[in-house]
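Down below is the structure, laid out as C-alpha cells.
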Amino acid sequence: MFLWQYLTPVLLVILQTCKARKCATFTDLNFGHAFFGTTLKIRLLLYTRESIDCGTLMSHTNLSAHPHFNLSNPTTFIIHGYRPTGSPPIWVKKLTQLLLHRKDMNVILVDWNHGAANLNYLKSVENTKKAAANLTAFIKNMEEHGASLSSIHMIGVSLGAHISGFVGTNLNGTIGRITALDPAGPQFKGNPPNERLDPTDAQFVDVLHTDIDALGFREPLGHIDFYANGGTDQPGCPKTIFSGGAYFKCDHQRSVLLYIESVNRTCSSTAYPCSSYKDFLDGDCVSCDQFGAAGCPVFGYDVVRWKDILVRLGQTKAYFSTTAKTPFCMTNYLLDVMVWNKDERSGYITAKLHYNGTEAVASINHKASKFREYTETKMLAQVGKNIQSVEKMSLKFSNGNTCSPKYKLRVLRIRLTNLEHEQRPLCRYDLLLKDNEEVTFRPIPCEESNF
Ligand SMILES: *[C@@H]1O[C@H](CO)[C@@H](O)[C@H](O)[C@H]1NC(C)=O
Ligand SMILES: *[C@@H]1O[C@H](CO)[C@@H](O)[C@H](O)[C@H]1NC(C)=O
Ligand SMILES: *[C@@H]1O[C@H](CO)[C@@H](O)[C@H](O)[C@H]1NC(C)=O
Ligand SMILES: *[C@@H]1O[C@H](CO)[C@@H](O)[C@H](O)[C@H]1NC(C)=O
Ligand SMILES: *[C@@H]1O[C@H](CO)[C@@H](O)[C@H](O)[C@H]1NC(C)=O
Ligand SMILES: *[C@@H]1O[C@H](CO)[C@@H](O)[C@H](O)[C@H]1NC(C)=O
C-alpha cells in the first residue's frame, strides 16, 4: 500500500515518457554525418489536428495504416532544403502548428535529412530528383486511394522548392499549389524549365525571394514572385562575414519566417507589381488597377485568393518591404508634394507620423527628389507600424548640399495617401519648408477635387 503511493506517480511518468517516445521526430544528424555525407532516405511525418505536436512516421505504401490520415482532406507537404550541418530545421514545428490551426488538413513533413546533410552541396542537389521520384510515387498512391491532386499543396524551401517542381513535372502540373520559399539558385540558375521549378508545375505557383545574390534564385519561377526588400538583403541580417553562420543563412531563412507570419495572419504585407525594387521605392508602382476590387496581392499563404487573375496574367513580379523583426510588416503611404517655386528645386523630404501619443519615422527612398512648379512629386513613405489614424505630421526639407544656398520649398499642397486602407487622403495646403527646419502640423482630409 505504502509502496504503491510512491510507485504510482513514477509509473505514470514512465508511461507518459513511453507515449511521448511514440512521436516520430525529424532526423537529428550531426556535423560528422554531413562531413562524411549521407545517402538519401525519405521519412514522411504526418501531423493532423488530432496530433498537432506528435508526428507519425508513415508507411510509403500502406496508407490505411494511419487512422488520422484522411484522404478527403487537403494535404500539405513541407519540404526542407540543404542541411549543411545535419541539424533539424527549427521552423517546421511552428509552421506545422499554424497550418493546422488555419485548416483541417494533413501536414506531411518530408524529412530527407539523410540526403540533404552533406558538406558537398552537389550531392544534395543530385538527390533532389530522386526525392521527387519517391514523393511522386507516394502521391500517386494517395490519388489511387481517393485523394484529389488539386487539394495538394507543397511548401518547398530552397532545394525543397525544386523538389516540389520536379514532383509537379512528374504529375503534369495537376497538383493544386506549390509555394517556393527562397528557391535555391546554385546549380539551378540558367536551367531549362523542366530542370527547375516553373509555373507549369502546379495549378498555382507562388514564390518568395529573399537571397537572390547568394543562395536564392534571381529570376521569376512562378505565377507570382514576391521579392521581399528587393530579394537581396533582409533588414536585421548581418552584412559582414564576421557575424559567423548567420551571415550565410539569415537572408535565406528569412523567407520561412515571413511565410510563418502570413500563415498566422499576424499582419499583412501588400505587394506591388513592378519591374524593379528601385522603381517600387521611387513610388512608381502604386497602381493596383489590374487587380480590380481585390487590390494588389497580399504576400503569403492567402495569395491563393488572387490565383485566377495571376494565372491569367502569366507571371507577375511583386515587391514589398519589411522591418527587421517579427511580425515584419510595413504600411505604405504615398506622399505627394506640389510646390509653386518658380525655379526647380531638388532635395530630400523626411517625414514623421504622429499617432496615439507616439510617432513613427517614415522611410523614404533617399534619392534627391525634384520639385517643379505645379507638378506633383511622388514619394513612397513606409512605416513599420499599423497606424489607425495619423494625428500630426512632421516634415523636413533639405537640399542635401551644405555649400549651396539655402532654398525654401513653397508647398502648395502636400498629400498623404495610405495605399492599403480605404481612407480619405490627408492634406495640408500652403506650407513653407525652410531648409533643414522641421515643421509639425495637423493634416486635414483632402478636398474632394484633390483626390
Ligand atoms: C521512398 O523512400 C523510402 C525510404 O527512403 C522507401 O522505403 C520507399 O520504398 C521509397 N519509395 C519508392 C517508390 O522508391
Ligand atoms: C496496412 O495497415 C493496416 C493497419 O495497420 C493493417 O491492418 C493492414 O494489414 C496493412 N496492409 C498491408 C498490405 O500491409
Ligand atoms: C474525413 O474528412 C471528411 C471531410 O473533411 C469528413 O467528412 C470525414 O468525416 C472525415 N473522416 C474521418 C474518418 O474523420
Ligand atoms: C503525364 O503525361 C504523360 C504524357 O502525356 C502521361 O504518360 C502520364 O501518364 C501523365 N501522368 C499523370 C500523373 O497524369
Ligand atoms: C500569431 O498571432 C497571435 C495573435 O493573433 C500572436 O499572439 C502570436 O504571437 C502569433 N504567432 C506567431 C508565430 O507570430
Ligand atoms: C494607444 O496607446 C495606449 C497607451 O499608450 C494603448 O493602451 C492603446 O491600446 C493604443 N491604441 C491604439 C489604437 O493603438
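Cβ atoms are placed via backbone N, Cα and C, with glycine included.
Computed from a predicted structure; not experimentally measured.
Per TrEMBL, the features are:
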- 1-20: signal peptide (SIGNAL)
- 39-328: domain 'Lipase' (DOMAIN)
- Ser158: active site, nucleophile (ACT_SITE)
- Asp182: active site, charge relay system (ACT_SITE)
- Arg196, Asp198, Asp201: Ca(2+) binding site (BINDING)
- His252: active site, charge relay system (ACT_SITE)
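Each residue contributes its Cα atom, and for Asp198 (Ca(2+) binding site) and Ser158 (active site, nucleophile) those atoms are 14 Å apart. Annotated Ca(2+) site Arg196, Asp198, Asp201; additional same-chain residues within 8 Å of its Cβ mean position, judged by their own Cβ, are His162, Gly165, Gly168, Thr169, Pro193, Asn194, Leu197, Pro199, Thr200, Val205, Leu221. Recorded residues Asp201 (Ca(2+) binding site) and Asp182 (active site, charge relay system) have their alpha carbons 17 Å apart, per Cα-Cα distance. Spatial neighbours are here defined as Cα atoms within 10 angstroms of one another, and by that definition the neighbours of His252 (active site, charge relay system) among the recorded positions Ser158, Asp182, Arg196 are Ser158, Asp182.
Note: the CA-CA distance between Asp182 (active site, charge relay system) and Ser158 (active site, nucleophile) rounds to 5 Å. Summarising the environment of Asp182 (active site, charge relay system), the number of other Cβ atoms within 10 Å of its Cβ, over all protein chains shown, is 30. In this structure, the C-alpha atom of the residue listed as 'active site, nucleophile' lies 11 angstrom from that of Arg196 (Ca(2+) binding site). Around Arg196 (Ca(2+) binding site), the C-beta neighbours below 8 angstroms that are at least 6 residues distant in the chain are His162, Gly165, Pro183, Phe188, Phe217, Leu221. Confidence for the domain 'Lipase' (39-328), expressed as mean pLDDT, is 95. In this view, the densest Cβ surroundings among the binding-site residues Asp198, Asp201 belong to Asp201, judged by other Cβ atoms lying within 10 Å.
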